[in-house]
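*Asks:* Found this in TrEMBL, in case it helps:
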{"type": "TRANSMEM", "residues": "B:20-43", "note": "transmembrane segment"}
{"type": "TRANSMEM", "residues": "B:63-87", "note": "transmembrane segment"}
{"type": "TRANSMEM", "residues": "B:99-123", "note": "transmembrane segment"}
{"type": "TRANSMEM", "residues": "B:143-167", "note": "transmembrane segment"}
{"type": "TRANSMEM", "residues": "B:174-192", "note": "transmembrane segment"}
{"type": "TRANSMEM", "residues": "B:224-245", "note": "transmembrane segment"}
Amino acid sequence: MIEVTELTKLYGSTRAVSGLTFAVKPGQVTGFLGHNGAGKSTTMRMILGLHTPTSGRALINGVRKHDLRDPMREVGAMLDAAEVQGGRSAFAHLQALAYAGGIGRRRVVEVLEEVGLAGAARKRIAGFSQGMRQRLGIAAALLGDPGVLILDEPANGLDPDGIRWLRTLLRSLAAEGRTVLLSSHLMTEMSLTADRVIIIGQGRLIEDASMADLLARFQSGVLVRSPHAARLSRALEAAGATIGPARDTDAGDELVPGRPAAAGADARPARDVGAGAELLVTGLTAAVIGDIALANGCAVHELVSRRTSLEEAFMEITQ
Amino acid sequence: MINVIASEWLKLRSLRATYYVLAATLSALALTGFAAYSISRYFDTNGPGGDPVGTGLSLSADIPPVLFGMLGVFAISGEYTTGMIRLTLTTIRSRWTLLLAKAAVVAAVALVAGQALAFATFFTAQAVVAGRPIGASFAEHAALAEVLTTGVGSAVAGVMGLGLATVLRSTPGALIALVVLPLSPTVLERFLPAPWNDWVSSLTIPSLARQLAAIPDAGAFGPLTAAAILVGYVVLSLLPATLAINHRDA
């Protein structure tokens with residue numbers, strides 16, 4: 001359980017975090033979202049006792065971090081996987097951390113196996129790829145088998161297999177009753193991993209909701225492609241539907257970092273758009289739309305229920 | 001606390017810089033050997049009357065405090081420059097424990113290695129002197145005392161390096177301070193009137209180590225005052241460092 005109450009942090013006159021209040025409950029994965037500079041990392045550092053809040057409180061299991069009796073067994077953190085000394089082997093790095101918490105060698109071997117680094121345990125961290133460093137950071141967070149996990153962008157640099165592995169790991173940790181707070185800019189991944197979302201902007205809370213509620217609140221619709229678009233849209237409007245221009249539905253596919261959003265839009269016309277116009281229909285289900293099309297003798301080439309992606313919801317909320 | 005010491009001991013052992021520093025202490029042996037050889041040659045041609053070699057420690061006395069100071073610097077500066085200090089601090093209860101554990105490990109390593117270096121320096125010098133009446137022997141109480149207090153000086157220097165690096169949080173900054181600080185008494189003493197010049201020049205670690213061993217004409221202070229000043233250096237290094245690590249955002 002993490003409780004943040006009226007948390008504020010000033011750096012000089014800059015408000016990094018401003019009156020932030022939220023709770024991260026056990027048993028679920030909570031996604032922590034916000035643009036760069038929104039205050040996510042600062043908030044995480046305050047929860048972990050690394051930065052002193054200007055005012056307000058951040059509690060882990062009801063107490064401040066430095067009042068935890070056995071910190072490694074209560075909270076595990078990964079803030080930045082690049083923040084390691086490269087001269088050591090992965091094993092020595094983890095063993096040094098483990099010693100500080102009175103944790104034995106067997107657990108070090110265990111977490112190395114769990115994150116898939118057993119084969120690289122004796123290699124110097126300096127030679128590690130970003131994905132391996134990420135796994136090492138996660139291993140360090142897991143060392144004390146803690147009930148609370150705080151992970152800042154753990155999926156960065158992981159390959160698709162790694163991302164899937166991380167998702168399964170985090171979901172199983174939450175299922176065991178642990179508290180998992182996770183920040184990420186990978187929205188599709190976040191929507192698959194997190195049960196709850198906390199969104200902040202300019203250090204303030206913007207949204208604190210379950211993933212399902214958040215997505216349900218945003219307009220979704222049905223994408224219809226028909227050679228008889230004009231006739232069909234009249235019929236649908238008569239049935240109470242709202243017809244909007246079809247938007248790029250691939251927007252959620254941002255798994256490839258740095259891929260420009262426009263690339264998806266550019267790719268679409270390559271498909272046989274000439275065969276019909278696309279309509280984005282809201283207010284009717286796909287089944288009803290199909291029935292109306294049949295009743296009006298309109299051919300339908302594509303009929304897809306469209307969910308709002310977390311990315312779209314995030315962009316709209318944080319605008 | 002013992003857990004954190006175990007952790008810091010492993011960290012220091014798994015750091016390359018530690019071995020570079022220890023390897024560099026051999027330079028003190030080489031320097032002592034050359035100087036003792038040169039003095040022995042002078043004795044052979046001109047007979048007695050020149051400077052004696054004695055224990056040989058004073059010939060390279062400025063080197064160990066700088067090197068063991070670096071050991072103290074590297075024990076924490078790497079954690080600051082990489083940002084690993086944040087990970088370390090999330091795993092421990094209170095920050096000052098970390099600093100004290102590091103200080104204990106650095107002091108222990110510097111004491112043992114500094115002591116070994118002091119003995120090696122002594123034996124190197126005596127081997128070069130080869131029985132000429134310009135050396136020293138452990139039959140004299142003062143010679144053994146000087147070797148032993150040199151090791152103590154190395155441990156104090158290690159803790160000072162750790163304190164500097166903790167306050168400055170920068171490897172280059174701490175290294176520069178480590179070289180400039182021991183030089184400043186030598187510079188200052190030229191401008192200061194008596195007895196200030198004598199006092200200031202007696203404040204360097206090699207000088208304090210000799211005064212602690214009660215070597216005649218080693219400096220302005222007796223063994224007790226020298227011991228108090230060395231303890232003062234440790235306190236002066238660790239106090240600001242503790243305040244800094246406790247109160248600064250990491």
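Keep in mind that glycine also has a Cβ here, set from the backbone N, Cα and C atoms.
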*Asks:* Need a quick answer: max count of Cβ pairs under 8 Å to the transmembrane segment (B:143-167), which of B:20-43, B:63-87, B:99-123, B:174-192 is it?
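*Replies:* Comparing B:20-43, B:63-87, B:99-123, B:174-192: B:99-123 has the most Cβ pairs near the transmembrane segment (B:143-167).
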*Asks:* For the transmembrane segment (B:20-43), which stretch among B:63-87, B:99-123, B:174-192 has the most Cβ pairs under 8 A?
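*Replies:* Maximum Cβ contact count belongs to B:63-87.
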*Asks:* Is the transmembrane segment (B:63-87) packed against any residues at least 6 beyond its ends, judged by a Cβ distance under 8 Å, and which are they?
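*Replies:* Hits for the transmembrane segment (B:63-87): 8, 11-12, 15, 17-18, 21-22, 24-25, 27-28, 31, 102, 105-106, 109-110, 113-114, 117-118, 150, 153-166, 169-171, 174-175, 178-179, 182, 204-206, 250.
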*Asks:* Can you tell me which parts of the same chain pack against the transmembrane segment (B:174-192), counting only residues 6+ beyond its ends and a CB-CB cutoff under 8 A?
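*Replies:* Residues 62, 65-66, 69-70, 73, 77, 160-161, 164-165, 168, 198, 200-201, 203-205.
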